[in-house]
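Straight from TrEMBL, the features:
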DOMAIN    6-184  domain 'SMP-LTD'
DOMAIN    183-305  domain 'C2'
DOMAIN    320-447  domain 'C2'
REGION    464-511  region 'Disordered'
DOMAIN    498-620  domain 'C2'
COMPBIAS  498-509  compositional bias 'Polar residues'
DOMAIN    647-764  domain 'C2'
DOMAIN    835-957  domain 'C2'
Amino acid sequence: MGQFPRCGESEWLNKILQQAWPFVGQYLEKLLVETIAPSIRASSAHLQTLSFTKVNLGDKAMKVVGVKAHTEHDKRQVLLDLYISYAGDVEINVEVKKYFCKAGVKGIQLHGKLRVILEPLIGDVPLVGAITMFFIRRPKLDINWTGLTNLLDIPGLNAMSDTLIMDAIASFLVLPNRLTVPLVADLHVAQLRSPLPRGIVRIHLLEAENLAPKDNYIKGVIAGKSDPYAVLRVGTQTFTSHHVDNNLNPQWREMYEVIVHEVPGQELEVEVFDKDPDQDDFLGRVKLDLGLVKKARSWMRLEWLSLIPSIDHLEQVLKRNKDLAIASKTAEAPSAAILAVYLDRAQELPLKKGNKDPSPMVLLSVQDTTKESRTCYGTNNPQWEDAFTFFIQDPRNQNIDIEVKDDDRALSLGSLSIPLARLLISPEMTLDQWFQLEDSGPASRIYINIILRILWLNEEAAGGTPVSPVPPDSGAGDGDGGHTAEVTPGGTSVAPVPSQTRPQQTSPDPSFATEGVLRIHLVEAQNLIAKDNFMGGMVKGKSDPYVKIRVGGVTFRSHVIKENLNPTWNELYEVVLTQLPGQEVQFEVYDKDLDQDDFLGRFKISLRDVINSQYTDEWYTLNDVKSGQVHLVLEWLPRVTDPAKLDQVLLHQSQQFYKNKVTPSVAILFVYVERAHGLPLKKSGKEPKAGVELTVKSTSQRTKVCDRSTSPQWDESFYFLLRCPRDDMLIVKLSHSWGLSLGSLVLPVRELLAEPGLALDRWLSLDGALPESEILLRATLQILESKASVCAGGPGGPEEGESVIPSREAATAANQELRHRAMPTHGGGDHPESDKGQVKLSIYYSTEENRLVIIVHGCRNLAACAKDGSDPYVSFILSPDKNRTTKRKTSIKKRDLNPEFNERFDFDLSLEEAGHRRLDLSVKNSVSFMSRERELIGKVQVELAEIDLSAGVTQWYTLTEETN
């Protein structure tokens, strides 16, 4: 696909979207309340009291950031690819009264490439008959749920999950699903909602040559061969060949057929592996856009099968397929035709016992293949509007069997069997009509559109001498790159892909690392109205005020101050925001009561005003009440990449104290996870479904889980607010469906301080995986330079009138903490305060995982236990522990007095239980049983009750020979 044009060229389209957005919201509200809600209520007895209490699409319209037009296809249609970006403030609330459950959605982000087809083009206004939309590949979707756990507690919904709901929503508009909106009346939309595929690609996996030998003997002294097999993928369609024993030039002679819905866009990927008892080895990969198969059949032995509405060539096709079946080792016979079925609707289906409406669904079967429609709940006149596709080996003697059933699958509502031979003699090989149902009601009928097409290979176009695997003009066509394959007259031979064909750097979206940080300091309020009255209002009381702050889909709530109309909160909040027009920061003040909290006023501040001013310190008048003002300090923090600024920002941070115990962030870390390469297979030999978990301190974020692949691609971005970047560690864990580990790495954030522009962008090796296992990511560090820190760092010190003056004890403790943070690790920089050995630990509680986490980073200045040094390791236990179940130890580092471990240990403890434990840690020298070397190097004890485990701590601890 060519590069998208600059954003400005699609600005006119964004203006139209912004203007039409309120009307889109009205349509969505009508759709949810009048159509979707009744359908959900009918689907389950548990959801009969469900209702949408609020539907607000918000003010932020979807944005188009790039447009690509395709003019080389059908002249009767307009084909567009729109790269869309939506970060909306949509708010949808759901209530299920039976279970006192309230849930909803507050904010949606959607990013992806949307294909839009305008067809048919007509000679009258509005010139276009309908608009069809879909994503060729799954878009990135992020939904901010509210009260989801309450919803999942309802019986019948507990098997669902946040991920399942997200998958269902994300796949609604992904091929082969599509949304069609008719623009003119009396338009037959069945062929638009369920068009015939663009074609069928028949893949002949014949042979390979010069594969790499992976099976070696006598520790690699004698080179062996390989046991190769191939895995082929097109979208969700996956095929695996048989493996050929001990052969570097294998012959498979297998054939596969795949449906191609859209070109350009859909891709074929072929990977070759060496079959091993434990871990299969990667041998090479081929990847190409299937649109190029149609354009350039002469240089690739893949057959593009056209869809022909005629039986003229059927006998010829059947004879050729018979010859192919003999030559091929694949169990499946080649297909002679494709059957497309559009299941529209049914009428007057029989009622269930007690004259209750059924919930009909349809089973469609051709030979051994059965497919299911969706269920229409509580109606005997269902509208399914579902599409299905079947491969047909011989249409002369095959049938399609259709059975309508109630959703419990037990009660049959009618059936129908249609011989495909009937289609052979029908006009255009199509049946588009009502069919009477058998074993059903007297007036029960079903409307179906059935289309049969013969799969025809144009031998002249498919023939010819193969040429180079890479097209002469690498910029031609709409593919994303060349193809790493050698082509021979016999077919496709897969060669190992050299490493330089992989991208060496990431290609994130231009919006990557453009978010900013808003810091909100809620100082105080004055002249609030009194809501707590006594003796029937005769005696005026006061109020117990607190503040709710809403911005960017995030809500903060201050603590309650008892009986005070002039409260001082002194609380700090930070939120990361995308700079979008129209965003507001909303403040609401309430009086805390036992039953219903009373309203004390509200006001809004435009985020654009805060960004423009960078820093404001003002009193804001409360609206909708007689009196009241709130004092705020708002700051949109400048982001800089000068590492020299860090010490100044850290110094300012150490001097701040807030009642909600928030430590101001000093930097923001942006991480873009693009792809991985060479991941290990599962023990079963199957490829993993890989996901990446990123962790900094107690904050963890996850990517989506990719379809099975050893080279998955995520293209997702994340951010973390950092409070001590010299000590923070980015932990990257890859796993199969969040279970089986596929490798990990630990990236100390301090390494970014030495990188140009504080950014790292390259392939990184994974520990605990294969030697070739790598991940490609970009990590960008930006320092948050507060205006207050600039003032505090000047010769005059802090400005007068500063609202926060920490106590001497707090300042002393903060400065001590700063010394811990600023202290460099071993190797360069300032030396530690003493020559004693030290161990560096991170200790925090992960509220997401309900686990205590301890990371042993390393040691420095360890004492030598022998002439040639020590073999150190770390051993520890969480006391009290009678059964010693929490005892752990690291790996052993040979002859190293400054070892790095970077090993993480998790403990399934509640936060309260963790606070009652003590960490008893020893650094030891690994010695043999008879050795005279000293074993104990040093000890340290850490009382976890003295640590804010929710915030976490990372620091060096000095070792003593006796327990502290």
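Here the Cβ of each residue, glycine as well, is placed from N, Cα and C on the backbone.
Curation does not apply to TrEMBL; its annotations are automatic.
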Secondary structure composition of the domain 'C2' (320-447) [DSSP: H/G/I, E/B, coil]: 15 helix, 61 strand, 52 coil
Within the domain 'C2' (835-957), residues counted as helix, strand or coil by DSSP: 7 helix, 60 strand, 56 coil
Average model confidence [pLDDT] within the domain 'SMP-LTD' (6-184): 74
Secondary structure tally of the domain 'C2' (498-620) (DSSP, helix then strand then coil): 13 helix, 57 strand, 53 coil
